Amino acid sequence: MNLILLGPPGAGKGTQAKLLIKKYRIPQISTGDILRAAVKDMTPMGGKAKSFMDAGALVPDEVVVGIIQERLNLADCSNGFILDGFPRTVAQADALAKVLSGLGRSIDHVISIVVDNEELLERVTGRRTCRNCGKGFHVSFDPPKSSGICDECSGELYQRDDDREDTMRKRLEVYWQQTSPLVEYYKNKSLLRSVEGVGSMEEIQQKIVSILQG
């Protein structure tokens, strides 16, 4: 099963990917993680990516796609994979389709986790992180016993820059600008299924599994 997970920041893609990994025993491929690994291991494409990164430039699509191809060739992807964070644009989706075609494979499902912006803002801006041990809390959904203090180590809790409202609004704006055409792209290929990302982790997981097994 070859699966793409789409969804805005804070929608719970990472959580759902971890649950799907356990259930289907296929790897999650996060572009950020494999890019860093390819650079560290100095794979052919990792070496190319490093030259762009060292120059402070964005790594071009063809290099990112090449790194994904290197990853898909590894044995643990033989029964499928979950792509998280890629593709983000129609051009990337086209490039991915060509790579998969060359491997004799194709995407089976594209799951879009849908959550409205105000819900996402509440989820993300309420996050707090311990400066000392890194444990996460949420002011509404998982508050610490004492305000601003970590339950585990009594460290100070703070709000990461990425979790601030102005930053999150910008991230959402960029996401929707990039991804709206991608949603249409996969809808036109009859691959896209949308799942409401509201409810417990288990409830959302069950909705996704129902689609995958349907």
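From the backbone N, Cα and C atoms, a Cβ is placed for every residue, glycine too.
Taken from Swiss-Prot, the feature ATP binding site covers G10, A11, G12, K13, G14, T15, R127, G199, and the record attributes it to sequence analysis. Here Swiss-Prot flags T31, R36, A57, L58, V59, G85, F86, P87, R88, Q92, R160, R171 as AMP binding site. Summarising the annotation, Swiss-Prot assigns Zn(2+) binding site to C130, C133, C150, C153. Per Swiss-Prot, region 'NMP' is recorded for 30-59. The region 'LID' annotation in Swiss-Prot covers 126-163.
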Residues that sit under 8 angstroms from R127 (ATP binding site) by C-beta distance, when 6+ apart in the chain: G136, F137, H138, Q159, R160, D163
Other parts of the chain folded back onto the region 'NMP' (30-59), taken as Cβ under 8 Å at six or more residues beyond its ends: 66-71, 84-86
State the residues, same chain only, that lie 6 or more residues beyond the ends of the region 'LID' (126-163) and have a CB under 8 A from a CB inside it; answer 'none' if no residue qualifies. 171
With a 10 Å radius around each C-beta, find which of these binding-site residues (A11, A57, C153) has the fewest other C-beta atoms nearby. A57
Report, as a single number, how many Cβ atoms besides its own are within 10 Å of the Cβ of T15 (ATP binding site). 14
If you average per-residue pLDDT over the region 'LID' (126-163), what number do you get? 96
Please find which two of G10, A11, G12, K13, G14, T15, R127, G199 have the most distant C-alpha atoms, given that the record lists them as binding ATP, and give only that distance in angstrom, rounded to a whole number. 18
Sequence gap of 6 or more, Cβ distance under 8 Å: name the residues on the same chain that satisfy this around G10 (ATP binding site), in order along the sequence. V115, L120, R123, V124, M168
Quick one: DSSP breakdown of the region 'LID' (126-163) into helix, strand and coil? 3 helix, 13 strand, 22 coil
Spatially closest candidate among G12, G14, T15, G199, the listed binding-site residues, to F86 (AMP binding site) (Cα to Cα): G14
Please report how many Å separate the Cα atom of C130 (Zn(2+) binding site) from that of G14 (ATP binding site), as a whole number. 20
Give the helix, strand or coil assignment DSSP yields for T15 (ATP binding site). helix
In this structure, the one of the binding-site residues K13, R88, R160 whose CB has the fewest other CB atoms within 10 Å is R160
Looking at Cβ-Cβ distances, which residues of the chain lie under 8 angstroms from V59 (AMP binding site) while being 6 or more apart from it? L35, A49, F52, M53
